[in-house]
Amino acid sequence: MTEISSARPSLSTMRLAELQQLASSLGLKGTSRMRKSELISAIREHQNSAPAAAQKAAAGGDEQKTGKRAERADSSVREEAASAAAAQPADRSARARSRRRVTAAAGAPQDAPVSQEAPLILDLPQRSESAEPAPQAAPTRSGGRREPASAASETHDGPRRPRRRIQAAPGAPERRNGFESTSGDHADAKAALMRDLADATGTPAVEPGERRRRGGNDWDEQADEDTRGGRRRRGRKRRDRDYDGNQDARGQQSREEEVLLPVAGILDMADHQHAYLRTSGYLPGPKDVYVNAQQIKDNGLRAGDAVTGWVRESGDNAVSGGGSGRGRRQNRANRLKYKPLVSVETVNGMDPERAKRRPEFTKLTPLYPQEQLRLETTPKALTPRVIDLVSPIGKGQRGLIVSPPKAGKTIILQQIANAISVNNPEAHLMVVLVDERPEEVTDMQRTVKGEVIASTFDRPASDHTTVAELAIERAKRLVELGQDVVVLLDSITRLGRAYNLAAPASGRILSGGVDASALYPPKRFFGAARNIENGGSLTILATALVETGSKMDEVIFEEFKGTGNMELRLSRQLAERRVFPAVDVAASSTRREELLIDPAQLKIMWRLRRLFSGLEQQQALELVLGKLKDTQSNAEFLMVISKTTPQGTSLADADDDAKLA
């Protein structure tokens, strides 16, 4: 026989008792007290020192003794295979190979030492815990031809797939199912031995002839299957890499092929992560465009910006942007409902890079109004002329028009809007109607040359608050650009009611059922009015309802009573007597009006106010209206008043001069 592999690996895997038995069979003395490593060294030293001539003498011998030795070898194989199956390592998933040494020699002499016999090495695969069967004996790729012993030994020492070979000496008797076989049928004896080993280890047996016929093909098929599996895995990895790495490139190519449509609207930010381009007004609509957080950050967008850009013509709503959890689900819902904004063209008519450098509204310096918004247009338009006299309006004014029901506040607001559009065309006029009648909205849209933003009373309270917030944000963005903006709100009382209904309850209820947190948003709206240093102003004139019999309206008015710097009061008594405009000339006034009116005219107006204090509301208003009808302008009216009105006391005149100085 020929040695398939070196004895060192087999000795290292043998137990101490097996090594002691082998040492005693080799004739070694004093091995019972040796350790395993010392015993292995002694056996190897004895094997290496044996003469080579003993191997040649092993060729001759008695056939009967050889048969007994083969029988002993067969039983040794079975015992060691059974012990190996019981002592397998814990990690059975790893396909470790365990070698079993079978000492059998063909024609060996009886007195020949055991160490000189050619060992037979059986490589037995360990059975894995998994359901897949252990691999069969691995022949070479070249049609199952056997390699020399040295090559097999090198393959056996490798870390993967040791090759198993079983060789028997010609003519040696073998055991088949417990019976001895003659040396004439060596292949059958070998097959019987393989079946016995398969039964001992629990692996399926394969006949040697069949193994020779298909051995190479099995390994080739397995190699091809591994190759195909590897290709599939590599293909999946490439597809994944292509999906992850080249998704943007494919998206860019598809965007170049798609048709883009222009879009324009007002940016409404729901929060810092989501925004919408309102294309049909200030209320949400079906054709709105979704703007993601990355576009907001890259272009420096703010709520109220007038944005122009591009959207896809197709219905593909895929949009870039990450996120996880609830944010990702929200992004997906927004993509399905609205078309995404592909790119931003302009922001408030400017390049996005330039728009990023604009100042913030909250960092601008507020001042008192210093430039008057003249309302006087024609001699017959008495209402604007009365307002210019009793409560002048300046750029950046924060004024309240306090009015009971049916006092003509909407008509006065409309006349103020028309006067501003005529005398101050450079100012951007915005009329915000909240919780008003639809016919008044139509009338305002047809008569006012400005931007009318409305939410009628038949809409929910959330629409009222949305319209008001977006309108004031739009006004702030225009002021940041240095423009003069005038906002006319009708009415701030109904806006407070809407916030009281729409805002979440804070648990602190004021008198009249007003939630404490519901008054802050209207205050923020009204408090945005200011005159900006070095250009730009935001003027807000809002109507406030009084004498409605509602405790809530009184609480709202009291909250705003001291916040304005101009007040125009309307009288119900004058309106019931059909005296229009029903302006209470004595109660109406403007703070720091000396900054708006010429000192000479202001001195005459103060003299006229002293006269109004001694008259009733109707008498004072009829006096003013009578003189206004007789004159063509307010300057002529003041000149007539200065001539016809008696001079005051010297003390009052001196006081007026001191105030004007």
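For all residues, glycine too, the Cβ spot is worked out from N, Cα and C.
These come from TrEMBL:
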type: BINDING; residues: Gly394, Lys395, Gly396, Gln397, Arg398, Gly399, Lys406, Ala407, Gly408, Lys409, Thr410, Ile411, Arg437; note: ATP binding site
type: COMPBIAS; residues: 50-59; note: compositional bias 'Low complexity'
type: COMPBIAS; residues: 62-81; note: compositional bias 'Basic and acidic residues'
type: COMPBIAS; residues: 82-91; note: compositional bias 'Low complexity'
type: COMPBIAS; residues: 144-160; note: compositional bias 'Basic and acidic residues'
type: COMPBIAS; residues: 173-185; note: compositional bias 'Basic and acidic residues'
type: COMPBIAS; residues: 230-239; note: compositional bias 'Basic residues'
type: DOMAIN; residues: 260-351; note: domain 'Rho RNA-BD'
type: REGION; residues: 43-185; note: region 'Disordered'
type: REGION; residues: 200-257; note: region 'Disordered'
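Most buried of the binding-site residues Arg398, Lys406, Arg437, judged by other Cβ atoms within 10 Å, is Arg398. Of all the binding-site residues given, namely Gly394, Gly396, the one with the smallest number of surrounding CB atoms inside 10 A is Gly394. In sequence order, Glu436, Glu440, Asp490, Thr543 constitute the residues six or more apart from Thr410 (ATP binding site) in its chain with CB-CB distances below 8 Å. Taking every pair among Gly394, Lys395, Gly396, Gln397, Arg398, Gly399, Lys406, Ala407, Gly408, Lys409, Thr410, Ile411, Arg437, the residues recorded as binding ATP, the greatest CA to CA distance is 29 Å.
Take the CB of Gly408 (ATP binding site) and look out to 10 A: across all protein chains shown you find 18 other CB atoms. Mean per-residue pLDDT, taken over the domain 'Rho RNA-BD' (260-351), amounts to 81.
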